[in-house]
Amino acid sequence: MNRVPGDAENAHSSSVESCPSLRDVHSINPAQLMARIESYEGREKKSISDVRRTFCLFVTFDLLFITLLWIIELNVKGGIETTLEKEVLQYDYSSSYFDIFLLAVFRFKVLILAYAMCRLRHWWAIAFTTAVTSAFLLAKVIISQLFSQGAFGYVLPIISFILAWIETWFLDFKVLPQEAEEENRFLIAQDASERAAFLHPGVLSDGQFYSPPESVAGS
C-alpha cells in the first residue's frame with residue numbers, strides 16, 4: 001500500500017530535480033550563441049582578415065623578390081649605375097629587364113588597392129593582373145632576346161609568371177572561400193540567436209519562484 005505513494009514521491013522529486021537542468025540548458029545555449037556571435041563580430045570588425053593579410057604579404061613578397069632579382073641582374077652586368085642607365089634611360093624591349101620590374105609594381109598596386117584598401121570580394125582584379133602578366137611575359141619571351149643574356153633571361157620571366165599564378169590560386173581557393181564560409185557561419189549563428197531569443201525571451205531567476213504562505217491549521 002505504501003509503494004504507490006513512494007513511487008509518486010520519487011517521481012515528483014525527480015521532476016523537481018530535472019527543472020533546474022532544463023532551465024540551465026535554456027540559459028546556457030543563448031549565452032553560447034551570443035558568445036559565438038560576438039567572436040564573429042570581432043572578426044568582422046578587424047580591418048582585414050587573417051587569410052587576406054597573408055595574401056597581401058605574399059603580394060608584397062612578389063614585388064620585393066622581383067626587385068631583388070633585378071638588382072642582382074644589374075650588378076652582374078657591370079654595376080648598378082651603368083646598367084640602370086642603360087636599362088631605364090636607354091630602354092630596349094628586347095634586352096631590358098626594367099619592364100618585368102614595372103610589371104611586378106603593377107601587380108602590387110592593383111592587388112593591394114583592390115584587396116587590402118577596397119577589400120574586394122571578387123576575383124576580377126586578380127584575373128586582370130594575371131592575364132596582363134601572362135600575356136606580356138609570353139610576348140617578351142617570344143619576341144625579345146632574353147635567352148641570349150644568361151641565366152637571368154630565364155629566371156626573371158619564369159619566376160614572375162609563377163608568382164602571378166600562385167597569387168591567383170591563393171585568392172581563388174583560400175581567401176574568398178574562407179571568408180565566405182566565415183560569413184555564412186556568422187549569419188547562421190545570428191539567426192539561431194534570434195530564434196532562441198524569440199522562443200526564450202528571458203530566464204527566470206530564483207527570486208521569481210515562491211511558495212504560497214502556510215495556511216493556519218484548521219482554517
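Numbering starts at 1 and runs along the chain as displayed.
Even glycines carry a Cβ here, placed using N, Cα and C.
Small disclaimer: the values here were computed from a predicted structure and weren't measured.
Sequence annotations record features per position, and here TrEMBL assigns domain 'MENTAL' to 48-219.
For 1-21, the entry in TrEMBL reads region 'Disordered'.
Under the heading transmembrane segment, TrEMBL lists 55-76 (among others).
Counting residues 6+ beyond its ends, the transmembrane segment (96-116) has Cβ neighbours under 8 Å at 48, 52, 55-56, 59-60, 62-63, 66-67, 70, 73, 86-88, 125-126, 128-129, 132-133, 136-137, 140, 146, 152, 156-157, 160, 164, 167, 171, 175 in the same chain. The transmembrane segment annotation in TrEMBL covers 96-116 (among others).
For 123-145 (among others), the entry in TrEMBL reads transmembrane segment. Counting residues 6+ beyond its ends, the transmembrane segment (123-145) has Cβ neighbours under 8 Å at 93-95, 99-100, 103, 106-107, 110-111, 114-115, 157, 160-161, 164-165, 167-168, 171-172, 176 in the same chain.
Sequence annotations record features per position, and here TrEMBL assigns transmembrane segment to 151-171 (among others). Sequence-distant neighbours of the transmembrane segment (151-171) (same chain, 6+ residues past either end, Cβ-Cβ under 8 Å): 54-55, 58-59, 62, 65-66, 69-70, 72-73, 76, 97, 100, 103-104, 107, 111, 115, 123, 126-127, 129-130, 133-134, 137, 140-141.
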